[in-house]
């Protein structure tokens, strides 16, 4: 059991996860070393609204001035992370919640001054993750990081990709509410960068699936060998521990 698997759950998924998801994590843990990264968008938006702070996004990234970063940190590292950890442990999965600040786990480079405290992963302190896993814990990571002793928000997909690349993970699994990429009603089991561009251009990939495949492509560029897009409501593992959904790799045809 030497290979790593990184699982990313978006914030909109966390309240909807059922027993099937947790059973799948148990299966994966029997075969691999598992790390989970989560988002928290809906809960952050709700808390910002409560605080009368406007929500603004540019190119899919949350504009994060200091007052927004304070809320992001409070939600991601607090209620969202701890509720997810407790849910995992309720299903007999031993988990430890961490943020990217803990142990300098995630170091970042700022994206741009215009969007404030938003960073991209530049370094991952993998020893912390490996230590937790060696003690039989599942690390559950809230995607914030540090730069020059300041705290930055990180897109959860970007954080998961950075962690997967740093661990030389066998696979990055993106949890969604659909079976994967669908073409004429049928599941696309395998695809690659060039075919994804074609499918987007033809309108096969639309709406909420576009950010998922863009995250997959970004992960490939960072060195992750395989990305799976799977449905949270179905058993997305085979008996072997392999994922069932859409697999994105380099140079693989969907035909």
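Every residue, even glycine, has its Cβ placed from backbone N, Cα and C.
Swiss-Prot names 40, 41, 62 for binding substrate. Of 153, 231, the residue it gives for the same site is 153. If you count neighbouring Cβ atoms within 10 Å for each of the recorded positions 8, 41, the highest count belongs to 8. Around residue 40 (substrate binding site), the same-chain residues at least 6 positions away in sequence with a Cβ under 8 Å from its Cβ are 11, 14, 72, 75, 76, 80, 142, 156. All protein chains considered, the CB of residue 212 (site 'Transition state stabilizer') has 23 other CB atoms within 10 Å. Other Cβ atoms within 10 Å of the Cβ of residue 153 (substrate binding site), summed over all protein chains shown, number 27. Separating the Cα atoms of residue 8 (site 'Transition state stabilizer') and residue 212 (site 'Transition state stabilizer') is a whole-number distance of 11 Å. Spatially close to residue 62 (substrate binding site) yet at least six residues away along the chain are 41, 44, 55, 56, 68, 72, 115, 118, 153, judged by Cβ distances under 8 angstroms.
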